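So the structure is just underneath, and the comments pick up after that.
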Amino acid sequence: MITVVKRNGRIEPLDITKIQKYTKDATDNLEGVSQSELEVDARLQFRDKITTEEIQQTLIKTAVDKIDIDTPNWSFVASRLFLYDLYHKVSGFTGYRHLKEYFENAEEKGRILKGFKEKFDLEFLNSQIKPERDFQFNYLGIKTLYDRYLLKDANNHPIELPQHMFMSIAMFLAQNEQELNKIALEFYEVLSKFEAMCATPTLANARTTKHQLSSCYIGSTPDNIEGIFDSYKEMALLSKYGGGIGWDFSLVRSIGSYIDGHKNASAGTIPFLKIANDVAIAVDQLGTRKGAIAVYLEIWHIDVMEFIDLRKNSGDERRRAHDLFPALWVCDLFMKRVLEDAMWTLFDPYECKDLTELYGQDFEKRYLEYEKDPKIIKEYINAKDLWKKILMNYFEAGLPFLAFKDNANRCNPNAHAGIIRSSNLCTEIFQNTAPNHYYMQIEYTDGAIEFFEEKELVTTDSNITKCANKLTSTDILKGKKIYIATKVAKDGQTAVCNLASINLSKINTEEDIKRVVPIMVRLLDNVIDLNFYPNRKVKATNLQNRAIGLGVMGEAQMLAEHQIAWGSKEHLEKIDALMEQISYHAIDTSANLAKEKGVYKDFENSEWSKGIFPIDKANNEALKLTEKGLFNHACDWQGLREKVKANGMRNGYLMAIAPTSSISILVGTTQTIEPIYKKKWFEENLSGLIPVVVPNLNVETWNFYTSAYDIDAKDLIKAAAVRQKWIDQGQSINVFLRIENASGKTLHEIYTLAWKLGLKSTYYLRSESPSIDEKSVLDRSVECFNCQ
């Protein structure tokens, strides 16, 4: 008699009918698969004391190996088999235990934050859990959920099932609501039906003892040693808790600049960037992956040429930073000089600091004044030559990222409260930031303390006038001897990204958008108050502007299922209509929340307060891409303007489209706003290579799934421009180009078009041609984990 060893160690006789029940359940109601084919191809070699786990893994591997373009449903067979195995690991049977048991077990193991479950009616919420929704997962989706998101104990044993995860996240994010059971259920319904999804940090950490829910952070470094090294500390803390980082270094004086009155004393930004590179490597996010830091520099900075070469493998290694992601902050004036084939002047920010505070006409006026000033240090380069160098690096390495300073700031709804200095790691977040401000703290021998600005002139009792930062313990002020003079900081602003995405493959009607968008805006607004913040400054900034970033994913699937060709007129009209609805209901919800919970602190004098919305500042050329133009809008925008003026806004920033690769895999849709990579490819996982087929591939959708490399890159830019009309922040936009189609002229046309159509940024240039080998593996090594 052949026996099997169960997971609990019990030995019992082999019962073939149990295996057949599993294989039948796994293949039921799925086209193109069969129970008998699964059992035959598994070639199970039964032997005495074979483990049930081995049988299960063999069946899963068999199903995975059968996933192909003409048989995509084997992915759902593999997912069901994996789920049956997961149920037994977590519950001890094929199903769910009570929600209360799940919480008590996870709390006992120290994995769930204590104290919030008691606020809820657990009996009611348990009755609303829908285990059948687990069958929405394809195999890569459930594997991704298991590997990255489901809670595990100290021995890496899973203690959570998918629907419990969605419900506990919903409860955590609804715990401060008045009608908390109702709101928790609304959150659960949207998440568990894959109608929308939170970004990775929220999915992974909401409900846990370390509830760091934000995706990434954006900061700025001042031009002094104290500020530069305070920035490293801040980056380290933010990276420690899993945040991606975008950081502006444009204020740091250039190579050859003055230090303490001595010319040619400064080594410039590059040595400081090298230290930032070491921070990214040293603070490696719990040992799972190195930190991810994008560094931004204004294009007029004297160090720009070296900055572009930051990741080059040749040259002086002391002036290289191979693990940073360089990004250029590009102004309109530079792009105009490129088109005019004119000269471009580079400056030292030590002498031209105010250029970092200006944009548009004010920037151009000041820049021209500096060009004429003979006392200012400057260097000259042909603008077109610099542009060629940028594009060549972009083609060879996919970097530096490009972000357009004036496009970003022209459409900043909070321009009254600051300036946008850079974007984030994935180039979709655009919010005000500010470096720390440093001043002098003078402590006297009698214990008294007095404060001065660094450059404030002070006259000592010896009748010597000097800047406050030159005071020492030998000085006496008004009869009081100085004990020590130190430099102290007043916090600037470090912006925060709290992200989620609407799944367009499921939510693409006016009725559904009207239902789902308000739920997700409320959810993201709650993230702000329930988040764990790594330091005081980021919390203060987030509470000041209450920024969120609602985006979309699944655009390619939605288009294919509606039989709309990418880049067609129908495509642009469709996304124009969808983005109008999403923008309208996001703003409307924020206005409703403002009435319910209060306005964000900087609302007064903002563009919102004047009834000026993103569409009102849309790029004129982008408006011409669809017939809608300035008119024929489907929504009552005038009524909403009056409502916002009356109610205010809960959130200073509302929309941003992030990359979403992880969460789009999770819900089984196409990535963000991008076309597909191929109809079939392989994802690398801890388990090996997993075949993936685009969702819902069939006779009707086949011709409408077009590879990104077969689409004119300018069509990607035009589609992005149509979306951008409705978005207050930005989009993470990759450009795809076959190597054989690449040329300097082509790259120039693509990126100048992006600028002309009002885009705020572009992300990677993916120029490698997809392999003709069937085993094409999608490279995700360069992607930001946190914005997904």
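A Cβ is built for glycine as well, from the same backbone N, Cα and C atoms used for every other residue.
Annotated dTTP-binding residues in Swiss-Prot are Asp223, Asn224, Ile225, and among Arg207, Arg253 the one listed with them is Arg253. Binding of ATP is attributed by Swiss-Prot to Glu12, Pro13, Leu14, Asp15, Ile16, Thr17, Lys18, Thr52, and within the candidate set Lys6, Lys24 the record adds Lys6 to that site. Take the GDP site that Swiss-Prot assigns to Asn424, Glu428, Ser661, Ser662, Ile663: the candidate from Thr71, Thr94, Thr200 listed for it is Thr200. Looking at the candidates Cys216, Cys331, Cys352, Swiss-Prot gives Cys216 as the cysteine bonded to Cys497 by a disulfide. For the recorded site, Cys497 (site 'Important for hydrogen atom transfer'), the DSSP three-state label reads strand. When the CA atoms are compared, the recorded positions lying within 10 A of Cys426 (active site, cysteine radical intermediate) are Cys216, Tyr763, Tyr764, out of the candidates Cys216, Ser662, Ile663, Tyr763, Tyr764. Counting every protein chain shown, 35 other Cβ atoms lie within 10 Å of the Cβ of Asn424 (active site, proton acceptor). In this structure, the recorded sites under consideration are Tyr763, Tyr764, and the one with the smallest number of other Cβ atoms within 10 Å of its Cβ is Tyr764. With Thr200, Asn424, Glu428, Ser661, Ser662, Ile663 listed as the residues that bind GDP, the site has a largest C-alpha separation of 19 Å. Counting other CB atoms no more than 10 Å from each candidate's CB, the binding-site residues Thr200, Ser661 peak at Thr200. Residues of the domain 'ATP-cone' (2-92) grouped by DSSP class, helix first, strand second and coil last, total 51 helix, 10 strand, 30 coil.
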